[in-house]
């Protein structure tokens with residue numbers, strides 16, 4: 001979607017909220033870098049996503065175990081928001097620090113760097129991927145404090161603060177819903193129940209929390225690959241596909257590297273590649289080149 005000047009005058013958070021109002025459920029697709037953000041925008045997505053696991057694996061080559069820090073995430077946010085105006089939802093793990101001050105700093109920094117929304121979770125600092133076993137969570141009270149700290153710190157009232165709970169795997173469905181309700185009452189704008197295993201679970205969250213609910217439909221995890229239509233029927237407001245393009249990109253790279261190593265040439269895999277013309281179109285290369293040509297022409301005319 002292309003935004004008008006009046007649209008861009010509104011904050012990223014306001015544009016995210018508008019997308020949420022306009023599209024039900026709102027598809028939010030993962031964009032591992034600025035180039036992928038532009039591709040997602042070109043494909044028509046109204047909201048995009050930066051995964052914490054994606055930052056760890058894609059930018060740092062590390063596992064999603066709480067190793068990356070706020071600066072790592074801000075670097076990738078800035079690169080995306082510098083070139084793409086599609087509103088960006090960001091994974092901030094547990095808030096990048098043990099205190100409310102850390103959560104506040106994270107919230108303010110995301111707004112400064114152009115993010116539209118964030119989700120913060122209730123795992124302990126030494127966190128794990130939400131679809132892995134042996135997760136540990138903080139108390140409900142500590143999670144509520146994280147939400148309150150984020151809400152109190154935001155400098156844009158439209159910036160969306162989402163509470164993610166991993167409690168299903170640790171305490172069961174009823175306790176997970178209880179946490180979600182408490183987070184919504186503390187000011188969370190939306191709820192992200194992680195690793196749900198059936199549609200009825202989403203419906204129970206929707207009925208209980210009275211704020212938008214996000215479904216994380218990640219591949220190779222605990223949650224079946226429900227369709228957008230199925231999730232709409234369960235009352236879900238947002239459908240997140242966090243790493244689909246990243247996984248496809250990685251597999252494509254593996255295939256290209258293996259083919260060139262084996263064949264001694266890229267000829268056999270060229271037809272699987274994005275062309276130079278397609279890349280130039282997606283990043284607006286010719287617009288930049290025309291401006292450069294105009295500058296050179298002005299210089300020669302003096």
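The backbone N, Cα and C atoms fix where each Cβ goes, glycine too.
Values in this document were obtained by computation on a predicted structure and should not be read as measured data.
What Swiss-Prot says about this one:
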{"type": "BINDING", "residues": "51, 52, 53, 129, 130, 164, 194, 216, 217, 218, 247, 276", "note": "substrate binding site"}
{"type": "BINDING", "residues": "91, 93", "note": "Mg(2+) binding site"}
Check your understanding: Compared by Cα position, which of the binding-site residues 51, 130, 194 is the closest one to residue 91 (Mg(2+) binding site)?
Key -> 51
Revision key, fill the gap. Under a three-state DSSP reduction, the secondary structure at residue 247 (substrate binding site) is helix
Practice item. Could you measure between residue 194 (substrate binding site) and residue 93 (Mg(2+) binding site) for me? Cα positions, answer in whole angstrom. Key: 12
Check your understanding: Could you give the Cα-Cα distance between residue 93 (Mg(2+) binding site) and residue 130 (substrate binding site), in whole Å?
Key -> 10
**Study point:** Largest separation between Cα atoms (Å) of residues that the record links to substrate, namely 51, 52, 53, 129, 130, 164, 194, 216, 217, 218, 247, 276
**Key:** 40
Review point. Counting only residues 6+ apart in the same chain, whose Cβ is under 8 Å from the Cβ of residue 217 (substrate binding site)?
Key: 223, 225, 226, 231, 239, 240, 241
Practice item. Measuring CB to CB from residue 53 (substrate binding site), give everything in the same chain under 8 Å that is also at least six residues away in sequence. Key: 64, 91, 129, 242, 243
Review point. If you run the three-state DSSP split on residue 53 (substrate binding site), which class comes out?
Key: helix
Review point. Where does residue 130 (substrate binding site) sit in DSSP terms: helix, strand, or coil?
Key: coil
Practice item. Quick one: give me the count of other CB atoms within 10 A of the CB of residue 194 (substrate binding site). Key: 26
